[in-house]
Amino acid sequence: MQKTKMIFTIGPSSDSEEILREFIRIGMNAARLNFSHGDHASHKEKIELIKRLRKEEKSATAILLDIKGPKIRTYNFKNGEAELKNGDEFTFSCGDEILGDNTKCSISYKELYEDIKPGGSILVDDGLLEFKVKEVRGTDIICEVIEGGTIKDHKGVNVPNVPIKLPAVTEKDRSDLIFGCEMEVDFVAASFIRKPEDVLEVREILDSHGGKDIKIISKIESQEGVDNIKEIIKVTDGVMVARGDMGVEIPIENVPIIQKNIIKKCNQAGKIVITATQMLDSMIRNPRPTRAEASDVCNAIFDGTDAIMLSGESASGSFPIEAAMTMSRIAKKAEANLDYNYLLRRLKDPNPNPDAFADAISYSASKTASKFPTKAIVAATQTGSTAKILSKYKPSCPIIAITPYEKVRRSLALNFGIISKKCAYFNSTDEIIEEARKVAKEFEIAETGDNIMVAAGFPTSITGGTNMLKIEKI
């Protein structure tokens, strides 16, 4: 059983019924829909198709809606693009929209001229093009082309080390979030989160439109977000290490260190952490990854990531199925060599909260699983809380969450090591233990004579009160 969760971005290469069904069978735990592209009508079709397929495949595949966020972009060019040479003068216009050419273009952030200073850098298209600001003339930013190339319509614009005043949630984002509530998606990925207040703004919109159960994944893509990561983790459900824009906004040599630090902080807080962007990037064009990409996926798992994500590889690449299968194979091999004791040791709190019974029980369960032959930990849960806390401590054996609610199953889709099954509501300890034995055999994780652990909270009518751990022989 694979423990590391996989998120596949759905796009032109993968939005057919055939590919989506194969993704689910390979082990797609969440389907990511990028709302920087497409309209509500096209996304509705995809969501309805995914919902139908996951029902047919009896899968708990979650749907993750990724909002565009306060991204600065270029506007249109004549013929869709223009060629720029090193040393050319080029103007970014913050005034009225103009049609771009090889001397100028408009950008979506109309106040950038107020924020940027001569000597500053502007990067376009994930840093492929670089400009140095010479002067600011009214609403025009006059630059020298440092690294030329082809500049195109609607490409991302980054301004490293310049705090921007764009709102955390744009009007388009608000509309997309409300649409997500209407479509009952499971997760929202909020782009360019810079401070905890940004997360709370997204939360307020979701809560006020029937989306209280939707979990928020905060995408960290700037130095400001990195600087505020501790406070962001406190208010978010999970974090995505979004290395694309991060690697443009922040010196590239810092990105691996930041990735490791964010993963560790999320692990310690028991929050979901996703490693994303360019994990198998060469598989957009080739049927096999580079050795460095295979190492990247493996090392993210060794660091403690809960989930790994494909972007262009699955959305627009030539080999979406091969990329998905390759990612799964690398994950399984990494897990077979994972040092679970190391991950557990670095989570131990030297000053534990004496009231944190659930944490104490979950830590003990993971510790016991590493020393005592245990095939699975079965967690009976109404809210997902018991299973999530067990996942925090990354036991060496699988966690089987049994719950009466499909929505809870999907809320656990991105937590490391959890598989889930819907079952009837439990009224007693005996019922839970009997069901635990049954599902462990059903998933072919345990056989007669094997040991499992059962974790639950009593009385069962109270949610979030994990207070029991029992070893049972099947």
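Glycine is no exception: its Cβ is also placed from the backbone N, Cα and C atoms.
Together with N34, S36, the K(+) site in Swiss-Prot holds one more listed residue from D15, D66, which is D66. Of the residues T61, T275, T277, Swiss-Prot puts just one in the substrate site with R32, G244, D245: T277. Listed in sequence order, the residues T9, R32, L33, F35, H37, I67, K68, A189, S191 complete the 8 Å Cβ shell around the K(+) site centroid, once N34, S36, D66 themselves are left out. Apart from R32, G244, D245, T277, the residues listed for substrate, the same chain places the Cβ atoms of K219, E221, M240, A242, R243, A276, S311 within 8 Å of the centroid of those Cβ atoms. In terms of Cα distance, the binding-site residues that sit within 10 Å of S36 (ATP binding site) are D66, chosen from D66, D245, T277. T277 (substrate binding site) falls outside any helix or strand according to DSSP and counts as coil.
If you compare Cα positions, R32 (substrate binding site) sits closest to D66 out of the recorded positions D66, K155, K219, E221.
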